[in-house]
Amino acid sequence: MSFLFGSRSSKTFKPKKNIPEGSHQYELLKHAEATLGSGNLRMAVMLPEGEDLNEWVAVNTVDFFNQINMLYGTITDFCTEESCPVMSAGPKYEYHWADGTNIKKPIKCSAPKYIDYLMTWVQDQLDDETLFPSKIGVPFPKNFMSVAKTILKRLFRVYAHIYHQHFDPVIQLQEEAHLNTSFKHFIFFVQEFNLIERRELAPLQELIEKLTSKDR
């Protein structure tokens, strides 16, 4: 959760997406923060009793966007056209960008450009009231879960890129604990609701096993 970061540097890559105070989603976010504070991540990701799954996934997706936004914001100086001419997660995994609307055919581009495309695209989805309704009583669209899955699949790639290509600066900046806690929370969440296919998680499979084995 974004509260993990306390009063530290508020540099983010893209503007933070806020959930309106007083809304039901804001209450859900507060609930999530309270249960996360207990330290039991497996419990923290479970759907609270009587709550709507779509809404729970929506609130957490916004929060993961904010977390990754902050984490990537801390290492943007190290992720450049020169250092990362392709968007990769180690030598075996390379990502090409397409959003199906503006860029239909996948293009090979640098990591900073790819992540800019990706975070702008996610932001556009989160800001779309027909996809992510913030008003009480406005239903989620039928395709909501498939959109949320695509968002989370793509956000995972930013974690994978940071871990594979920029872990040294993360350690230098003493961000390692934040990155690990954020990623562990993210993985527990997507595992709880089967939101990302296992093959998509392959670039960080060893790390995922290490982070989750202690909590089985």
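Glycine is no exception: its Cβ is also placed from the backbone N, Cα and C atoms.
TrEMBL: automatically predicted annotations, no manual curation.
In TrEMBL this protein carries:
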| type | residues | note |
| --- | --- | --- |
| BINDING | CYS79, CYS84, HIS161, HIS166 | Zn(2+) binding site |
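If you take the C-beta of HIS166 (Zn(2+) binding site) and look for same-chain residues 6 or more apart in sequence within under 8 angstroms, you find ILE75, PHE78, CYS79.
Annotation for CYS84 (Zn(2+) binding site): spatial neighbours SER110, ALA111, PRO112, HIS161, GLN165, criterion Cβ-Cβ under 8 Å with sequence separation of six or more. Its Cβ placed at the centre, HIS161 (Zn(2+) binding site) has 26 other Cβ atoms within 10 Å. Within 8 A of the CB centroid of the Zn(2+) site residues CYS79, CYS84, HIS161, HIS166, the other residues of that chain are ILE75, PHE78, SER83, ALA111, PRO112, ILE115, ILE162, GLN165.
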